[in-house]
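So that you can see what the record holds, here are the features copied from TrEMBL:
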type     : residues : note
DOMAIN   : 52-280   : domain 'NADP-dependent oxidoreductase'
ACT_SITE : TYR72    : active site, proton donor
SITE     : LYS97    : site 'Lowers pKa of active site Tyr'
BINDING  : HIS130   : substrate binding site
Amino acid sequence: MKKYLILCIFSILSISIYSQIGRSVPEQTLSNGVSMPILGFGTLYLTDSIGERCVAQAISVGYRLLDTGRIYGNEEAVGKGIKKSGIKREELFVTTKVWVSDMGYENTKKAFEESMNKLGLDYIDLYLIHRPRGDIKGTWKAMEELYEAGKIKAIGVSNFEPDQLTDLIAYAKIKPMVNQIETNVFFQQHEAQAANEKLGVQVEAWSPFAEGRNGFFSNQTLAAIGKKYNKSIAQVTLRWLIQRGIVAIPRTSSKEHMIENINIFDFELDASDMQQISKLDLNTSQFPEWE
Ligand SMILES: NC(=O)c1ccc[n+]([C@@H]2O[C@H](COP(=O)([O-])OP(=O)(O)OC[C@H]3O[C@@H](n4cnc5c(N)ncnc54)[C@H](OP(=O)(O)O)[C@@H]3O)[C@@H](O)[C@H]2O)c1
């Protein structure tokens, strides 16, 4: 009996510690009042059984925001990972995106249904136009209708320049809430961030580590800052993004890195750190092949 009681107390304690981890990521409030975690998990290239395993592991260590896209070919794997994790749907914030070949009113409605089916969900937290190509107007109309029907909690765009965002807002009935753009220490997007925020749009950073390009993981400036706080280059970079109020979605297939990347809420970069990082800006995309 004593042994059973100790076991019960231990289980209750671990559940409460676990759910505290789940709620411990601070949230950003979007223009429509919906809140999204400031740190999430990117899933590009994480397909099939690896995708499923990574998503379940990411959830188990505390990630609640998951970022996928129809073009990643892994919505099914992400859905399986969610199921495997056993998490309650309402605790998650799931993003997916409509791809270039599905632009236009009818195509978008169809693509959205397919994404939901693959993910095994009955609503999406954030649905984005992946790239500013094709019939944006028709796609946006479809997204507005899905939003009004309660099938999407927030709508937005990705890879939109400020002028493209302004054009969209001019005819939109519902304004975009998020713009997911490449943002990393080599492409810091200060002007774009100011322009997005002026339009009431939350910036979300894709490729926060520039996928390791340009010697990112051995950058001396970031390593020296990290040394002061006993933090890694990855942690300093994520901290720099969230201190700017930018949502970040790093991707990793390693559980160790998942834990490392979420362990950024116990230190703060000072003004001189922020200034040193600002000097790393090359103000150019690290992915010219995607332009
Ligand atoms: N909207 C768009 O157009 C767009 C475009 C690109 C990406 N995205 C989204 O943004 C997400 C993130 O971008 P990304 O996947 O391109 O790249 P990323 O997050 O900048 O970098 C991923 C790379 O960093 C490594 N890494 C992660 N954590 C690490 C750590 N703590 N220490 C050392 N290495 C670490 C990973 O290797 P390991 O696996 O070995 O850890 C992987 O090679 C994507 O997954 C996707 O969801 C969106």
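Placed from the backbone N, Cα and C atoms, the Cβ positions cover glycine too.
As the structure is a computational prediction, the values presented were derived from the model and not from experiment.
Here the residue listed as 'substrate binding site' comes close to GLY69, ARG70, ILE71, LYS97, VAL98, TRP99, VAL100, SER158, ASN159: these same-chain residues lie at least six apart in sequence, with C-beta atoms under 8 angstroms from its C-beta. For the recorded site, LYS97 (site 'Lowers pKa of active site Tyr'), the DSSP three-state label reads strand. The Cβ of TYR72 (active site, proton donor) lies under 8 Å from the Cβ of THR43, LEU44, TYR45, LEU46, THR47, each on the same chain and at least six residues away in sequence. When secondary structure is read from DSSP and collapsed to three states, the residue listed as 'substrate binding site' falls in the coil class. For LYS97 (site 'Lowers pKa of active site Tyr'), the count of additional Cβ atoms within 10 Å of its Cβ stands at 25 [all protein chains shown].
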